[in-house]
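K.L.:
Have a look at this one before I ask anything.
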Amino acid sequence: MAVWTRATKAGLVELLLRERWVRVVAELSGESLSLTGDAAAVEPEPPAAAFNGLPNGGGGESLPGSPNRGLGPPSPPAPPRGPAGEASASPPVRRVRVVKQEAGGLGISIKGGRENRMPILISKIFPGLAADQSRALRLGDAILSVNGTDLRQATHDQAVQALKRAGKEVLLEVKFIREVTPYIKKPSLVSDLPWEGASPQSPSFSGSEDSGSPKHQNTTKDRKVIPLKMCFAARNLSMPDLENRLIELHSPDSRNTLILRCKDTATAHSWFVAIHTNIMALLPQVLAELNAMLGATSTAGGSKEVKHIAWLAEQAKLDGGRQQWRPVLMAVTEKDLLLYDCMPWTRDAWASPCHSYPLVATRLVHSGSGCRSPSLGSDLTFATRTGSRQGIEMHLFRVETHRDLSTWTRILVQGCHAAAELIKEVSLGCTLSGQEVRFTVHYEHGFTITRDNGGASSILYRYPFERLKMSADDGIRNLYLDFGGPEGELTMDLHSCPKPIVFVLHTFLSAKVTRMGLLV
């Protein structure tokens, strides 16, 4: 396992939250990524906004520097309006009396107006000021009138002036409009950013403030802490990124995805490398925990030791011939290659992979390193082929960095060869020239074909690997071997697909050639 140096980093980024881009302060530590809401950035106010606590502008939907500018969804449509201009099918009109404070005014912000095809809406109530103390106003209230002045058809500026001239005592007619609340409510990292999948029993985090699922650690800040252990950091995976500014962080249980946007390509690359580095630095800890968990139940011949585990992307075929990359967790043990759709924290989960392939019947057939990494527009991929009873199963995987590609290439090649040395031999029954025989391939001794004679076996043929001149199969049930002997080509009916034994044969040969130093 390589030694990784953990990175620390901090700065402003944008987070996709409730289909809106909001600015957050990101802080990366060795074990977690903390996101803190930037209140001023989430709902920016124009510079001249201090008339009785009201913004003096067009509602803030497209202010310079706003995260929503040109990026978020369009302004919400106006609620259905009746003949009098009021929203239909909504709660009754309420009359609220508010006494302004000497400093701070009403203490509300408004959005909407006739030019925006919206009623005048209360979009923010400042804590501790007059509106908040009245306990009678709420976000999403439409202001219908101020001291008798009708605001149903008022522009935003007209509403601002009416509230400004209202005097110390203000009588408001308001009506709550539920449909617009999601558009004006400030997104909350604590309540609106779902994130689960941390280890349910993780010794390494048991005494850390970053343990478990993300949480609200400071009552005065909108903050969430994302444990990085077994997360998947990716680029250009689940969301198009034409500007190369996005970073995806997938939870260990694959249920949630966090999308971050940086100011430019270079910043995004820097953040991605730092996050990815810290995730990879936690892998030795994960391997130790997994092997400790599995060691309690593994048998002497179980070979359950996990050699490597990490997230990558697998190419999946969709309807219509389309293809899509999707996250997949790959684990390599002493004998098997395992694929999961989420992190198996428990023994039961570990015992139920989506796919399991014997390494001795698997080989790496492609490992391509493009001139650039996925974060810069080119894919780094490798492919595996496994001989199974159904034929050849092929998987194409994508990694995020050149180092990942190198690691997986080495792990798979060395893992297949080590599995060959560990397993030593494979034996199966078949039919040769009309008689039932047993065909055995031994890593050291080569090929043996025996026949059972009433409890005792007799050797029909025995050849070392170097005598093999040709091997072939029909992909259905027959295996053809030619050792250059007087018997000529041997045709063995395996009664099932010959691909598993063919792949085992090739793995044995590759491992022996590598051991002899003839193949690096």
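Cβ coordinates are placed from backbone N, Cα and C, and glycine is handled just like the others.
The region 'Disordered' annotation in Swiss-Prot covers 45-95, 195-220. Per Swiss-Prot, compositional bias 'Low complexity' is recorded for 63-72, 83-93, 197-211. Taken from Swiss-Prot, the feature compositional bias 'Pro residues' applies to 73-82. Swiss-Prot lists SER75, SER90, SER109, SER191, SER202, SER213, SER373, SER375 with the feature phosphoserine. Sequence annotations record features per position, and here Swiss-Prot assigns domain 'PDZ' to 95-178. The feature domain 'PH 1' is assigned by Swiss-Prot to 143-280. The domain 'PH 2' annotation in Swiss-Prot covers 305-417 and is backed by sequence analysis. The domain 'SU' annotation in Swiss-Prot covers 464-520. As annotated by Swiss-Prot, region 'Calmodulin-binding' applies to 498-520, with the evidence given as similarity to another entry.
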K.L.:
Which sequence positions outside the region 'Calmodulin-binding' (498-520), separated from its termini by at least 6 residues, show Cβ-Cβ distances below 8 Å to it?
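P.N.:
Contacts with the region 'Calmodulin-binding' (498-520): 359-363, 385-389, 391-392, 416-417, 419-421, 426, 428, 439, 441, 443, 465, 471, 473-479.
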K.L.:
Go ahead and report the DSSP secondary structure tallies for the region 'Calmodulin-binding' (498-520): helix first, then strand, then coil.
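P.N.:
Taking the region 'Calmodulin-binding' (498-520) as a whole: 17 helix, 0 strand, 6 coil.
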K.L.:
According to DSSP, folded down to helix, strand and coil, what is SER109 (phosphoserine)?
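P.N.:
Strand, per DSSP.
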K.L.:
Inside 10 Å of the Cβ of SER109 (phosphoserine), count up the other Cβ atoms and send me the figure.
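P.N.:
Step by step: centre on the Cβ of SER109 (phosphoserine), count other Cβ atoms within 10 Å, giving 22.
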K.L.:
Within the domain 'PDZ' (95-178), how many residues are helix, strand or coil going by DSSP?
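P.N.:
Breakdown, helix to coil: 18 helix, 37 strand, 29 coil.
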K.L.:
With DSSP, how much of the domain 'PH 2' (305-417) is helix, how much strand and how much coil, in residues?
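P.N.:
The domain 'PH 2' (305-417) comes out at 29 helix, 57 strand, 27 coil.
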